[in-house]
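Enquirer: For Arg223, the entry in TrEMBL reads active site, involved in ionization of N3 of dUMP, leading to its activation. Look at TrEMBL and you will find Thr89, Arg112, His113, Arg114, Glu120, Asp212, Leu213, His214, His218 tagged as FAD binding site. If you look up TrEMBL, you'll see Gln109, Trp110, Ile111, Arg112, Glu120, Tyr121, Ser122, Ala123, Arg124, Arg196, Arg223 marked as dUMP binding site.
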Amino acid sequence: MPLSPEQQAEIDTLRAAPQPTLRAVSPGLEAHLYTAHQVLDHGFVRVIDYMGDDAAICQAARVSYGKGTKSVQNDEGLIRYLMRHWHSTPFEMCELKLHVKLPVFVARQWIRHRTANVNEYSARYSIMDREFYIPAPEQMAAQSVVNNQGRGEALQGEEAARVLEILKTDSMRAYDHYEEMIGQDGQQGLARELARMNLPTNIYTQWYWKVDLHNLFHFLRLRADAHAQYEIRVYADAICNIVADWVPFAYKAFEDYRLGSVTMSAQMVDCMRRMLKGEAVTQESSGMSAREWREFQDVIEKS
Ligand SMILES: Cc1cc2nc3c(=O)[nH]c(=O)nc-3n(C[C@H](O)[C@H](O)[C@H](O)COP(=O)(O)OP(=O)(O)OC[C@H]3O[C@@H](n4cnc5c(N)ncnc54)[C@H](O)[C@@H]3O)c2cc1C
């Protein structure tokens with residue numbers, strides 16, 4: 001179960017006591033408040049709090065542009081203009097606070113995003129739960145032969161069963177030893193801060209993660225991307241759904257100008273222009289390396 005009974009009770013209490021407010025309210029996000037969206041086998045993402053909405057982004061932008069915003073009358077147009085031109089600080093006026101439960105190896109990737117505020121479950125103070133991420137069969141994939149940082153076809157049959165068994169038994173054995181080391185029944189026991197060190201990185205941790213919308217978009221662009229590891233991508237996807245309901249204009253602009261966009265080098269733009277004029281450009285005449293040329297081909301084929 002992703003939520004503990006105590007966490008569920010806290011959610012029920014908070015949801016049963018709505019507060020009147022004069023603050024900006026996003027109806028789309030209100031619907032997500034305190035609702036845990038399950039991710040992976042035991043993880044979740046839930047919104048704890050937020051500040052701002054689409055209008056707050058425009059309000060901030062109009063402070064800096066003043067009468068200059070006259071040409072962009074409606075909020076959606078202004079937000080799209082801001083996103084298109086990398087005018088990012090108005091997006092920092094919105095904030096989101098999430099409670100996330102995630103495997104430690106996913107947390108290691110996530111924590112690299114430094115522009116957020118984090119408060120994590122303490123395994124020095126508390127005992128870790130016996131909860132481990134075990135991939136679904138379709139995610140038990142072999143090493144990719146084309147991408148050192150990726151995975152290929154799903155393992156099949158006996159090999160898949162053997163790997164699954166190793167993952168499960170290693171996790172359980174490590175946890176049994178963890179429990180044994182922290183000691184019960186009159187034993188002194190090893191300190192929790194030391195006993196945790198043999199736990200595998202597929203054990204679940206939890207944290208509160210607060211971030212502004214600009215840096216959240218940066219996180220989502222990198223982690224909702226096909227190049228990101230599946231196990232962090234599913235969290236990013238869940239957050240994308242939340243953000244789309246929270247700030248629909250900003251999210252649409254993000255989809256159009258970041259998530260669905262591509263960055264082209266000067267050589268790529270030059271090749272594109274030459275190709276549009278009917279020239280048969282090859283990798284040799286493109287000025288690009290073989291790898292960059294492949295990436296360019298990917299862009300063209302997708303569009
Ligand atoms: C597909 C993928 C593969 C990756 N592979 C690896 C890997 O193999 N090894 C590895 O170590 N990491 C890897 N990373 C992590 C990556 O290098 C970044 O650390 C991570 O994506 C966080 O990005 P960020 O620093 O832009 O984000 P944030 O920390 O949120 O920073 C946002 C922006 O703020 C600025 N900033 C923040 N802090 C500083 C600072 N101290 N100094 C200067 N500018 C700052 C930068 O402009 C930065 O882009 C990978 C990430 C992805 C998405």
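Note that Cβ sites are derived from N, Cα and C of the backbone, with glycine treated the same way.
Heads up, TrEMBL stuff is auto-annotated, nobody curated it.
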Enquirer: Relative to ligand 1, which of the binding-site residues Gln109, Ile111, Ser122 have a Cβ found under 6 Å from one of its atoms?
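Expert: Going through Gln109, Ile111, Ser122 in sequence order, none turns out to be close to ligand 1.
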Enquirer: To the nearest Å, how far is the Cα of Glu120 (FAD binding site) from the Cα of Ile111 (dUMP binding site)?
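Expert: Checking the Cα atoms of Glu120 (FAD binding site) and Ile111 (dUMP binding site) gives a distance of 11 Å.
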Enquirer: Using Cα coordinates, what distance in whole Å links His218 (FAD binding site) and Ser122 (dUMP binding site)?
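Expert: That comes out at 27 Å between the alpha carbons.
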Enquirer: Using C-alpha atoms only, work out the spacing between Ser122 (dUMP binding site) and Thr89 (FAD binding site) and round it to an integer in Å.
Expert: 33
Enquirer: Could you state the whole-number distance in Å separating the C-alpha atoms of Arg223 (active site, involved in ionization of N3 of dUMP, leading to its activation) and Thr89 (FAD binding site)?
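Expert: Taking the Cα atoms only, Arg223 (active site, involved in ionization of N3 of dUMP, leading to its activation) lies 21 Å from Thr89 (FAD binding site).
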Enquirer: Can you check which residues sit near Arg124 (dUMP binding site), meaning Cβ under 8 Å from its Cβ, same chain, 6 or more apart in sequence, and list them in order?
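Expert: Residues satisfying the criterion: Ala191, Arg192, Glu193, Arg196.
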Enquirer: Rounded to the nearest Å, what's the C-alpha distance separating Thr89 (FAD binding site) and Ile111 (dUMP binding site)? Just drop the number here, would you?
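Expert: So the alpha carbons of Thr89 (FAD binding site) and Ile111 (dUMP binding site) sit roughly 22 Å from each other.
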Enquirer: How many other Cβ atoms sit within 10 Å of the Cβ of Gln109 (dUMP binding site)?
Expert: 16
Enquirer: Provide, as an integer number of angstrom, the distance between the C-alpha atoms of Gln109 (dUMP binding site) and Leu213 (FAD binding site).
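Expert: Cα to Cα, Gln109 (dUMP binding site) and Leu213 (FAD binding site) are separated by 19 Å.
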Enquirer: 10 Å Cβ neighbour count around Ile111 (dUMP binding site)?
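Expert: Taking every protein chain into account, the count is 13.
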Enquirer: If you count other CB atoms within 10 A of each CB, which of Thr89, Ser122 wins among these binding-site residues?
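Expert: Result for the most crowded candidate: Thr89.
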Enquirer: Would you count the other C-beta atoms found within 10 angstroms of the C-beta of Glu120 (FAD binding site) for me?
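Expert: Result for Glu120 (FAD binding site): 13 other Cβ atoms within 10 Å.
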